[in-house]
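Enquirer: Can you read through this structure? Questions will come right after.
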């Protein structure tokens, strides 16, 4: 009995089509990617950042309150007072630095999980947080190292420039001011340029497993000839969320400024005024934090889509992804498609010389773009030749030739 293949449904489309992406597609799908796996991109990402912010605020604030409250137990101006003050400041700074590092590490985890989730969403896969973490875990230390390397580089350069301005200002104040203005004007385009060229580093570290410096070099190459497109995506997203944060925070700031006059018009210090200001400020901070958290997710999504588009255009990643989807649909187990042909260069297609067969044509076939050719009938002359009989020379059967 003949076995016929069973019908299989077409694979579900991913969050982007499997071909090189336009600027509008990258920008738009960076926002709509939030709907692909909301439990991860909204639930985990926003929840983790909110918890980190609350823990950081409570612990640092509690440490500062507990340490500085000891100043009330010693006489002001005494040696013990200075020692307690210095210890309180040092303890608060240490707590802030430690929790800041922990918060940065959590932000790096969120960024890596967003990159992995969007990459799987392109091939219509939806994973759990645990599965995504297993994908990101090998790249965690590289992501953290890259983040601290960037922070250290900015700190060193900024510290050196500030020291130079201060040193020059101590000798010539006007020259120091001019130097400071020139450095600020030069720093703006330099920062934008470096941010754009390194925009793809997180995606490279997670999806390719590259090292920190190899990831930097890889992002530099992938953004070659695509600088303005990459910059446009990053700039529009940052501008959108900055404007949104300002629009939302302004009403709360106005309420916080008007509230004391409404509750206590005489200027008396009442508990209700303090509570109202604290509540309004807290709501403002929470809303701003939510906007920043969503911005982090959208920027990481845009970075991943820009990386995928760059590899589609230079390395044919779209063909690898389509092959992966087809093999998965057929039930065959396949490896990670993002590591199939890393760094492959696709040869440019050149037009065929005149008279050469086109791609896919049999040997000896005429060029599809060549002008129509004339062919002689068997035993006859080619159309248009001088020896071909004219239409008026035709002789009817059994009759004389037309004169």
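The first residue you see is number 1, and the count goes up from there.
Cβ atoms here come from the backbone N, Cα and C positions, even for glycine.
Per TrEMBL, domain 'DUF7847' is recorded for 25-293. Summarising the annotation, TrEMBL assigns transmembrane segment to 40-68, 89-114, 143-166, 173-193, 199-220, 232-263, 283-308. Here TrEMBL flags 349-403 as region 'Disordered'.
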Enquirer: So, does the transmembrane segment (173-193) come close enough to the transmembrane segment (89-114) to give 3+ Cβ pairs below 8 Å, pairs being at least 6 apart in sequence?
Expert: no
Enquirer: Would the transmembrane segment (283-308) count as touching the transmembrane segment (143-166), if touching means at least three Cβ pairs under 8 Å and pairs must be 6 or more apart in sequence?
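Expert: As far as Cβ distances go (cut-off 8 Å, pairs 6 or more apart), the transmembrane segment (283-308) and the transmembrane segment (143-166) do not touch.
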Enquirer: State the residues, same chain only, that lie 6 or more residues beyond the ends of the transmembrane segment (40-68) and have a CB under 8 A from a CB inside it; answer 'none' if no residue qualifies.
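Expert: Same-chain residues near the transmembrane segment (40-68) but 6 or more away: 33-34, 85, 87-88, 91-92, 95-96, 99-100, 102-103, 106-107, 109-110, 113-114, 117, 127-129, 132, 286, 289-290, 292-294, 296-297, 301.
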Enquirer: What same-chain residues lie close to the transmembrane segment (199-220): Cβ under 8 Å, and 6 or more beyond its ends?
Expert: 111-112, 115-116, 119, 135-136, 138-139, 142-143, 145-146, 149, 230, 234, 300, 303-304, 306-308, 310, 338-339, 342
